[in-house]
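As annotated in TrEMBL:
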- TYR124: active site, proton donor (ACT_SITE)
- PHE408: active site, proton acceptor (ACT_SITE)
- VAL82, ALA83, VAL84, ARG90, ARG91, GLY92, LEU93, LEU94, ASN95, SER119, GLU120: acetyl-CoA binding site (BINDING)
- 5-163: domain 'N-acetyltransferase' (DOMAIN)
Amino acid sequence: MDNNLELRAATSDDLRDLGELISRAFLDDLDDEFLKVFELVDEPERARVITGDGRIVANGSILTRDLTVPGAVIPAAHVTGVAVAPTHRRRGLLNQIMTAIFDDIIERGNEPIAALWASEGAIYGRYGYGRASWQVGYKIAVRETTLPGVTPSGRLRQAKPADVRDQLASVYERARVLRPGISGRPGHWWEYHTADLKVWRRGMSELRAVLYEVDGEAEGYATWRVKGGWDDTGPKGEVAVGEVMAETVEAYAALWRFLLSIDLVRTVKYSFAAPDEPLTHLVTNPQGMATWVEPGLWIRVVDIAAALSARRYAAPIDVVLDVADQRVPANAGRWRLTGGADSATCEPTTDAPDLSLDIRELGAVYLGGTSLTTLADAGLVTAHSPAALAAASVAFGWHKQPLSIEVF
Ligand SMILES: CC(=O)SCCNC(=O)CCNC(=O)[C@H](O)C(C)(C)COP(=O)(O)OP(=O)(O)OC[C@H]1O[C@@H](n2cnc3c(N)ncnc32)[C@H](O)[C@@H]1OP(=O)(O)O
C-alpha cells in the first residue's frame, strides 16, 4: 500500500502518464496518434490527479465548454477522464477526485452545472448527478423501410470532414442552440472531431461527410463510416452514422434519405438519436428500425440559484423546492423558483415547500427530458401539493427532448 499519495492539479508534463492511466482504465492501449489529438483539447490545469510513487494513480478532468439547456446556452463543467489505477481501487480515490473537482468548479464560480457521461450508471448518483438525457440507438434495415419525399431544392456534396471543418462548425453552432443537451465545440474541438484516427475506425472506412447546400451555403451535414461485405444473398454493407445536424426540415430529410439509400448497404446504425427524433415519423415503416435506449448525459446542479435562473421554463412556474445536497451544502435548503418563457429567478425562502427532493433529481429534470412526476412516482420527489407537482412538471419540460450526440 502507498502511504505517499498526493493530490494536485495536472501539468502538461503529465500528458503521457495521464493518457496511459485513462486508456488502461478503459481496457485499451495508449495510441500515440490519439495522444496528439487529446493534447489539442486537454486542459491540464483543470485535471486533478493523485500520484503515488511518482506515478499518476487517479484522475478526473474538466473540459471548459458550454451546453444548450432549455432556452439558453450556459457554461457547464464537462467532467471526463475519470480513472483510478486497478491497483488503487475501492479505497476512496474517486471520492477525493470528485471533491477536488467540485472545489475547482465552485472556486471558478461561473459554471452552474456539471455534465458527464457515466461508464457505469451506478457510480455518479452518490455525487448528486442525475440522469438527464437518453441516448436512442437505431439499427435500420434499409430494405424494410424507406424515406419517400420530394426532390429537395438544395444539393448534396460529399467531402472529407477535415476539408469542410468550417462549414460543419457553422451548421453545428446554429443548429445546436435549438435543442438542449448539445455541447459547444470551442478552440480545437473541431480538429479533434474531424481527426479521423485509425484507432477510431474499428474496422470501418475513413470518416465521410455529406453537406446539404442551398445556394452554396451549408444548411445541414451528416458524417458516417461504411463497411462493405457480401453473403450468400448478395451485398450486406453497413453504414455507421456519426452525426446528423440540420437547420431546416428539407436538409434533415435530404440527409437521411441519402444515408438510407446508399447502394450495397443493408443496415444503417445510428447511436445518438433523441427520444423525439423526427426520423421515426418520416420513414415508411418504423418497424424496420430496431430501437434501443440508454442513459445519456448526467447533470449535476452545482449552484442552484444560478442554474435554475439560467434556464427557461415551458410554462409559468412559482414553486418552493426543499433541496437536500450532501456534497455542496450551499445548495441545501428551501428555494423559491419563479419564472417562465423569458426569465426566471431562484432565491432562498422560508416559505413552506411544495416539493422536496435531492439535488440529484434536480439534475435529472434540468434539461427537460425527465419529468418531476415520473420521479415522484418513483418515490424520489415528495410532493406536498399535487397541483404544484403537476404545474412544475409541465414547466420543467421542454418542447424538444435533450439530445446528447457526443460522448466526451
Ligand atoms: C465521467 C467519466 O469519466 S466516467 C469513467 C469512470 N471510469 C471508469 O469506469 C474506468 C474504470 N474504473 C475506475 O477507474 C474506477 O473503478 C472508478 C473511477 C470507477 C472508481 O474508483 P475508486 O477509487 O475505486 O472509487 P472509490 O473507492 O472512491 O469509491 C467511491 C464510491 O463509488 C463506488 N464505486 C466505485 N466504483 C464503482 C462502480 N464501478 N460501480 C458502482 N459503484 C462504484 C464505491 O463503492 C464507493 O461507494 P461509497 O462511497 O458509497 O462507499
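Here the Cβ of each residue, glycine as well, is placed from N, Cα and C on the backbone.
Let's see these features in context: how buried, what's close, how far.
DSSP classifies TYR124 (active site, proton donor) as coil under the three-state reduction. Long-range Cβ neighbours of TYR124 (active site, proton donor) (same chain, at least 6 residues apart, Cβ-Cβ under 8 Å): LEU116, ALA118, TRP298, ARG300.
Note: PHE408 (active site, proton acceptor) has non-local neighbours LEU63, ARG65, HIS78, THR80, TRP117, SER183, i.e. same-chain residues 6+ apart with C-beta under 8 A of its own C-beta.
For ASN95 (acetyl-CoA binding site), no same-chain residue 6+ apart in sequence has a C-beta under 8 angstroms from its C-beta. Reduced to three states, the DSSP call for ASN95 (acetyl-CoA binding site) is helix.
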Any same-chain residues 6+ apart from VAL84 (acetyl-CoA binding site) with CB under 8 Å of its CB? Would you list them in sequence order, or say none?
ALA25, VAL57, ALA58, LEU93, LEU94, ILE97
Quick one: of the recorded positions VAL82, VAL84, LEU93, ASN95, GLU120, PHE408, flag those whose CB is under 6 Å from ligand 1, and say none if nothing qualifies.
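Checked recorded positions vs ligand 1; flagged VAL82, VAL84, LEU93, ASN95, GLU120.
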